[in-house]
Structures are given as C-alpha cells and as structure tokens.
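Visitor: Quick one: the structure is below, questions incoming.
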Amino acid sequence: MYVIFIIYFIAFLFSWISKVFVVFQINVTQDGSIIAWFYNIILDFRLSELFVTIAIFLSYILKLFVFEKDVENDDDTIQIFNNLWDNIVIIYVGFSCVFVLFIYENGNTFLNVIAFLIVFIYIVMVYAPFLRRALQYRAIQDYKQAILSLKIMLISFMLIFLIFFIDRLLIFLGFTIFYFLGSPDFTVFYFLPWIFAIVGIYGAYYGLKSPKSNEE
C-alpha cells in the first residue's frame, strides 16, 4: 500500500515539475538527446502517466490480495494469469507503458490526449471492479467506514484522469474560452483534479484496509 502511495506521489511531483517548466519558461535544446527526451516526457506529463500506470497495476495486485485470496483454505497467496481478465489487465499495462513513453512527438497534443485516454481507460478497468467488490462489504457494520473511504478514493482517482483528459482535449480542440488566464497550456479544468487528488489521498489513508483482515 505504501509503495502505491509513493509512486502516486512521484507522479504528482513530476506533474508539478512540468508546470514549473511552463511557468518559468525553462527550456532545453531540442537536439534529440536523452536530456531533451527526458525533458519532453516530463513536460507533457508522460513520465507522470508512466508512474500512475505502475501504481494502477499495483492497485490491481492489492485488489487481488484484499479480495481474492483463499481465506477458506487459510491461503494468503494470490494467483495471477489465472483468468482472461488478469491477462487483459497485464497486457494493457504493458501497452500503456510503451505508449506513454515511446509513442511521443514533441508538441503533438493529439498524442497526449490519447495517452491520457489510455491511462483513464486503464484506471477504470482496475478501479471500477475494485469499487464493485468493495461495495459487497458495505452492509457489514465493522467495515462501513473503511468501505466509504475506499469508495471515495477510487472514485476520486478515476475522476482525476477523466478531467485531465478533458483538459488536454479542450486544448487540442482549441476551445480558448476554457483557457486559464488566456494560457494555451492550461484550462480551467486543470486545477480541479488536484482537489480530487487530496480527497482521494484522504480516502486512501482510511480506506485501503483489507475487509477480510479482521474477520474471525
């Protein structure tokens, strides 16, 4: 769980670094070097998306451990690759990582829109079933608070990337009415996900507990 928090924190950190580059007009020479490539994937949120993708996959592993371990046989082990959905999730994480890192062209907003969409689809693929499974425990009095917190976290994290996708899409479509202070690098939607990030982290702190860990 703590590893997931750290990875999300790193993703958010690189996202803010991207905006520092924009606000303070920090640039590098576009000479095709590793430094230029690294600068570009930070600037266009690709490095943040990579860390988020990894965190989502680890969340899927957590979901398996929390809800799918064999409690009846007192078996704490989990198995992966044991059904079609597991394989789809694993293949998709590989596809997402490759796209956000390597399917890139400097200044190509359309590819950035697609990258955000890919990550949003992935987070829904993992967190929607996680949420559905968690809600099965909502009637148990001992778990109500934990399930509510977990629900807040999952919904908040899904909304973060939905809104980021909308933000990039509006920039790509050139809807200047939504630009923040007239800047083509920001829309009014850009800052909303940070509110959901704070709410989601709050929910995660109280909600990422195994509903089965306290069963007698």
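In case you wondered, yes, glycine gets a Cβ from its N, Cα and C as well.
What TrEMBL records for 7-28, 34-62, 83-104, 110-131, 152-181, 187-208 is transmembrane segment.
If you look at the structure here, what lies around each of the features I listed?
Guide: Only residues 6 or more beyond the boundaries of the transmembrane segment (110-131), in the same chain, are considered here, and those with a CB under 8 A from a CB of the stretch are 44-46, 49, 52-53, 56-57, 59-60, 63, 88-89, 92-93, 95-96, 99-100, 103-104, 150-151, 154-155, 157-158, 161-162, 164-165, 168-169, 172.
Below 8 angstroms of C-beta separation, residues 45, 52, 109-110, 112-113, 116-117, 119-120, 123-124, 127-128, 130-131, 134, 187-193, 196-197, 199-204, 207-208 of the same chain, each at least six residues beyond the ends of the transmembrane segment (152-181), sit close to that stretch.
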Visitor: Which residues of the chain, 6 or more past the ends of the transmembrane segment (83-104), have a CB below 8 A from one of its CBs?
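Guide: Contacts of the transmembrane segment (83-104) (Cβ under 8 Å, skipping residues fewer than 6 from its ends): 40-41, 44, 46, 49-50, 53-54, 56-57, 60, 111, 114-115, 118-119, 121-122, 125-126.
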Visitor: What same-chain residues lie close to the transmembrane segment (7-28): Cβ under 8 Å, and 6 or more beyond its ends?
Guide: 35-36, 39, 42-45, 47-52, 54-55, 58, 185, 197, 201
